[in-house]
């Protein structure tokens, strides 16, 4: 077996000139996409704040590259999970450089819990598998990565070498004069940052030397609560339409705004998401709706015309309900999503079957409005697990009745026997409405009820497998409820079971979300610009650490 070359620093790699030449050549295409010089928000070139050397096509501006000590802004060593540090350390012991990269660095700077921790290394994927993690799996075609499972945790490990080969270019870039005195590590990281989607996702963090690397003004955009593409937005989204959905996800989760250029490109190119394959669409929707930002995600999807494509029934419902209104406050769908978000966060997600079941439940009520008491009984039955427990809850519930138009009308005072029959009937309606998420013809028929709905996209991204999961949540609820018994035997939510989609756990939380929505107190925010998104936290810090706003010289232009 060939011995692995060990190197303690990227600058110690032999023959740096050929390395720089190769990287310069590979970077040409991306650099030619840009308009060089100072960039206003409506433009499509390099990030603003560059020196005059950036005005030459094909040039690099190292003066805009920034490095800072992670400890200065309060990223403690304990913020990185032990298993993640173990992965980084094993790569380092084998002589490779290894960094955290992407959204996890962004979230650490914002004092938020990252959704996951992605690693990038100077080792090739082959070297990772042969010399470091022999049981890892190499997956992906366009951007292959290693999936490394370590003591129950799963990490995505990518390679600088793979990423370099993915960007094809020509020989028009000569960066050697601009990078005089810069080591190969800087060029390697800079080159990788150019292939990434958004500036705030293009940060590198080396926890061993406590250094954060920023080559595209990502930290400055964090300060400004902005989501900006690394390259020209139209070019970026044409290269990969899924970046549109990822951008919406970042903005929704963090409460950020898009730069004007990025916002315009999303509007212009929103139909291009139809080119994304269905499994990828399902994955992006899962990331948007399962991590505590479903309400703000739906708002942004609607704002940019994407909800008409992805969830046309919900889009038609909202358009109809908001006629003549300036706020979605009080709409049942938005209240359901707001109550769903209360339970989840980036590091504590739910399985997609939960929000799919919630959408199916709401679809059923829009098509067949129900007595509020019936809806409460249905929710309590799912949450508590038996009919007797549901009735006990209803008897003790002294809250004011909540109604929604058109979904839920006032309490009718139905007797228990009739209530049981109506609750069972509601369950059958909900099971039937699952087809509006999975069957194209059923979805089309549901949208027809709204004459003013946008042109039907003909897209259904929910798989047959997920349909089966959702139907399983409601099994038994449409039959004899006196014998129904789905008690869990515990009180709190088991988030591991919930993330794995265990039916009993999903049913338990679904019932709670609906119960909360039918209570008098509503968490739903206004659609006013200031309240439409979560409160941003770009400058959150504590008394012992510097906020992000202090990471730049006072004289630097914005």
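Just so you know, glycine gets a Cβ as well, placed from its N, Cα and C.
The stretch that TrEMBL tags with region 'Disordered', taken from the ranges 511-534, 535-558, is 535-558. In the predicted model, the domain 'tRNA nucleotidyltransferase/poly(A) polymerase RNA and SrmB- binding' (255-317) has a mean pLDDT of 96. Per DSSP, the domain 'tRNA nucleotidyltransferase/poly(A) polymerase RNA and SrmB- binding' (255-317) is made up of 48 helix, 2 strand, 13 coil.
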